[in-house]
Amino acid sequence: METLIELSKKMPKTELHLHIEGTFEPEQMFAIAQRNQVELKYSTVDALKAAYQFTNLQDFLDLYYQGMSVLLHEADFYDLTMAYLEKVHSENVVHVEIFFDPQGHLSRGVGFDVQIQGIYKALQDAEKKWGMTSKLIMSFLRHLSEESAFETLELAKPHLKWIDGIGLDSSEVGHPPEKFLRVFEACKNLGLKVTAHAGEEGPPDYVWQAIEQIGVDRIDHGNRALEDNKLIEAIKQRNLTLTVCPLSNLKLCVVNDMKNHPIKNMLALGLNATVNSDDPAYFGGYMNDNYASLINGTRISKEELFQLAKNGITGSWMEDHLKELHLKQLHALFA
């Protein structure tokens, strides 16, 4: 009899919460650093790999920004994105929705067009090669000002045909969604979808703000929404999808043990939880690893596995005919 892990590897999957800068494997980071003559703090690939064994958020962020520092040219963004797409294609991921953080690159003097052209070309090539579809989400860094977000939006305007949605990420505590209310209104007026990281470290109130003030189409993380019964009902009433990241939660100590992960509880409550990898190179795994961690840790059932995969398809921003196609494939596999 086929195991759940084998089934999870075969099933068509979507990834809705993925930071492209978080897919930087140590070998590739080192190679691009050498290509661009950027000096890293680490003299060998092995030394760099050792740094990936961080135990706190600050060490992770230090390493994350080191990685960003080597991305200088369009080819770098293309190579980074293509390596991720090739990896997840091998894991039966059929559709991806990718965040990129332009402000983190603009502050280093790397132009907006350099970033987006490299990423978008890779997304196009993945569709030509494998039929993998995608959406691109420009994310604002919440520790920066609303003014900086508006400036970034202006730079994005010539490229809006390539951008499908707007996100909000980085250090959550002390930077509530309402800080960016006006810029999100401007984005919605341009016809862009909106999502926001909320309720990972921040309080349930941040999730309320994302829903009621920003009017998000989706919630990224959302774990702490479970602390507020009225909030759970509000999320269900709006039929919002939660993009949950199990291994990220474990690595950043949002949960202390995978057996305590709230995703089973989310499903039991009728919430549209999905499985995603967040920053897979840093958090110990891509999509198959995240599903395996839930199967082994939380003992999800076959029905729950199906529901998670289904939620990933229905909660995506892909076109309806593609949703129907992938749902048909999913049903056939679980029949």
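Cβ atoms are placed via backbone N, Cα and C, with glycine included.
Zn(2+) binding, as stated in Swiss-Prot, involves H17, H19, D278; the candidate among H105, H159, H175, H197 given for that site is H197.
The sparsest Cβ neighbourhood within 10 Å, among the listed recorded positions (H17, H19, H197, H221), is found at H19. Of E200, H221, D279, all annotated as recorded positions, the residue with the shortest Cα distance to H19 (Zn(2+) binding site) is D279. Most other Cβ atoms within 10 A: among the recorded positions E200, D278, D279, that distinction falls to D278. Ranking the recorded positions H17, H197, E200, H221 by the distance of their Cα atoms from the Cα of D279 (substrate binding site) places H17 first. Summary of the Zn(2+) site environment: with the site residues H17, H19, H197, D278 set aside, the chain residues having Cβ atoms within 8 Å of the Cβ mean position are L18, G22, F99, D169, D220, H221, T243, C245, S248, N276, D279.
DSSP assigns E200 (active site, proton donor) to coil, not to a helix or a strand.
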